[in-house]
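**Q** Once you've had a glance at the structure underneath, I'll fire off some questions.
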């Protein structure tokens, strides 16, 4: 009975993969470190299709949306929402770290820190884009380069323009619209095949990480990790929970609905690995595809709530550990600098540590050499960052859809309460373009 249930449930398969990965990492570390390609390969397979999925979803949504003014309104509301929520996250991290005196009393001297370990990150702070360079970076050199480099913001810009053009041309372009809609079914079917490999990918990632880092790396920096996770939990349940409640949705059923995706993120420390499945599930809840297609890809670059908490928390922690006194002006400087640098993460490998280095560099009072203190626990904190970022973007989509009346709320509540069946497997077919999902089987 259990084996039959496992064969049908991706969630249970991922749990088993995670547990076996931990056991392998602890019991057979030499073998476990060789499992890294399994996790890396799974994420690469997912990323292979992300640009195509964003293109299909956005074009299908906008071409069938009718009013293009609505598309612009959704974009503007999304940017305003992202800025407000990430600012709250930055302030929360700052207040928690400062009020708890996180790191105080460690008395670590700068000459004790191995500065060479941070050169990899401090040397790349110039990759953080300024406002003008960032905006220019949204425009691809060519359409093909945007897809070839997997630059999601550039793909999103082209997709919005392409979908808008289809919308304006109207009936004459109906054949192209149908072709893209049919093509999206093929892409999502491929994604469904790839997602079946999630248990293997999670096993490889967890086995390698457990063997490589173990639990010893948490011993000296446990307070930082625990406070970070506690702060993320408060943000998710109190802040995001309140926002979601205003939209008529409860947080716990909402999290249960995305449990498979959250577990995959927990195993891979990457929210990219579940972007396509999340978009599909939000559409299945009854949210218009055009809204999902605009909010989720944009949020992956601009709405980084977990990263925002991490940034200010880590900066204040490093200041306290190195014995650097912080005046009110220093705290304001940290906040203002973080507001800018936290938006520069897009497209930078190892962006968390690079942007942390850039933030420390921009706040002269805090020694950038302190970055080395968080290196050993960055992967553990990366899980919390990815989970919080993902939940934040899902909540953002529901909230903005509610503002725009683009969500079938009774359907969403029925799915979350278990009265309407959720997708039986992750990564299946996309919903029809430009319509609010209305199909499903009510359970008696």
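Every residue number used here counts from 1 along the chain in the order it is shown.
Glycine too: its Cβ is placed from the backbone N, Cα and C atoms.
Taken from Swiss-Prot, the feature transmembrane segment applies to 9-29, 42-62, 78-98, 152-172, 190-210, 221-241, 307-327, 354-374, 380-400, supported by sequence analysis.
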**Q** Which range out of 9-29, 152-172, 190-210, 221-241, 307-327 gives the transmembrane segment (78-98) the most CB pairs under 8 Å?
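**A** The stretch with the most contacts is 307-327.
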**Q** If you count Cβ pairs under 8 Å, which stretch among 9-29, 42-62, 190-210, 307-327, 380-400 touches the transmembrane segment (221-241) the most?
**A** 380-400
**Q** Going through 9-29, 152-172, 190-210, 307-327, 380-400 one by one, which has the most CB pairs that fall under 8 Å from the transmembrane segment (354-374)?
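**A** Most contacts with the transmembrane segment (354-374): 307-327.
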**Q** What residues elsewhere in the chain lie close to the transmembrane segment (190-210), defined as a C-beta under 8 angstroms and at least 6 residues from its ends?
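**A** Cβ under 8 Å, 6 or more out: 10, 13-14, 16-18, 20-22, 24-26, 29, 32-33, 35-43, 45-46, 49, 53, 263-264, 267-269, 273, 276-277, 379, 425-428.
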**Q** At a threshold of under 8 Å on Cβ distances, which of 42-62, 307-327, 380-400 pairs most often with the transmembrane segment (152-172)?
**A** 42-62
